[in-house]
Structures are given as structure tokens and as C-alpha cells.
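> Pasting a structure below so you can have a look.
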Amino acid sequence: MKIVDTNEFKNEIESGVTVVDFFATWCGPCKMLSPVLEGLSGEMEGKAKFIKVDIDQSLDLANEFQISSVPTMIIFKDGQKAEQLIGFLPKEKIQQVIESNL
């Protein structure tokens, strides 16, 4: 999964369904979630795009989207925030929410 910064962010989310994983390198649950999202990224290729934002490297994005705990996933649809999930969740739950936004 691609880690994007503030400069790339708007271009990455502007079309289609994009799942953004807001994470921190020091976050244990983020490390557990990473392989789950990698798997979903492969399974849902062509339907949804998956990217990551390091909140310590892109503090402005973390503030803009009011990220107060990590991991937080925000699902964007054509550049608009559609859904937000907070914390480590099972793959099935994440997939269900993504598919409801396709």
C-alpha cells in the first residue's frame, strides 16, 4: 500500500472509492491492521484503492480529518468522505463497509 503525503492526497482520493488508513509507526493495532488491509487491497483491486497516511508525517491531514486515535480508516467516494472506521476491526467488517460504498 502506498504511503501518501499532503501533496499527493487530494489526487489520490479524487475519483472512485479510496480507503485511507491513517496510522502511526508506533501504533501496535496499526501494525496488526496493515496485513488485513494489504489483503483487502489485493482482493478488491479495480474496485477500491487503498492508501496510507502517516499522521506524524502529515499532521495537517490528521488535523483536517480530526484523527484523534489510530488506526482510523476513512472511505472516500469521488473525493468526498463517505465513512469512517476507528480502531482495529475484522477484515469482514471492513470489507462490508467498503462494499456498501461501491
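The backbone N, Cα and C atoms fix where each Cβ goes, glycine too.
Computed from a predicted structure; not experimentally measured.
According to TrEMBL:
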- Cys27: active site, nucleophile (ACT_SITE)
- Cys30: active site, nucleophile (ACT_SITE)
- Cys27-Cys30: disulfide bond (DISULFID)
- 1-102: domain 'Thioredoxin' (DOMAIN)
- Asp21: site 'Deprotonates C-terminal active site Cys' (SITE)
- Gly28: site 'Contributes to redox potential value' (SITE)
- Pro29: site 'Contributes to redox potential value' (SITE)
> Check each residue in the chain of Cys30 (active site, nucleophile) that is at least six apart in sequence and keep those whose C-beta is under 8 Å from its C-beta; list them in sequence order.
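Asp21, Phe23, Ala24, Val70, Pro71 - these are the non-local Cβ neighbours of Cys30 (active site, nucleophile), listed in sequence order.
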> Validating a neighbour-count step here. Other CB atoms within 10 A of the CB of Cys27 (active site, nucleophile): how many?
17
> Check the DSSP secondary structure of Cys27 (active site, nucleophile), expressed as helix, strand or coil.
coil
> Select one residue from Gly28, Pro29: among these recorded sites, choose the one with the most other Cβ atoms within 10 Å of its Cβ.
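That would be Pro29, with the highest Cβ count within 10 Å.
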> Averaged over the domain 'Thioredoxin' (1-102), what pLDDT does the predicted model reach?
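Mean pLDDT for the domain 'Thioredoxin' (1-102): 97.
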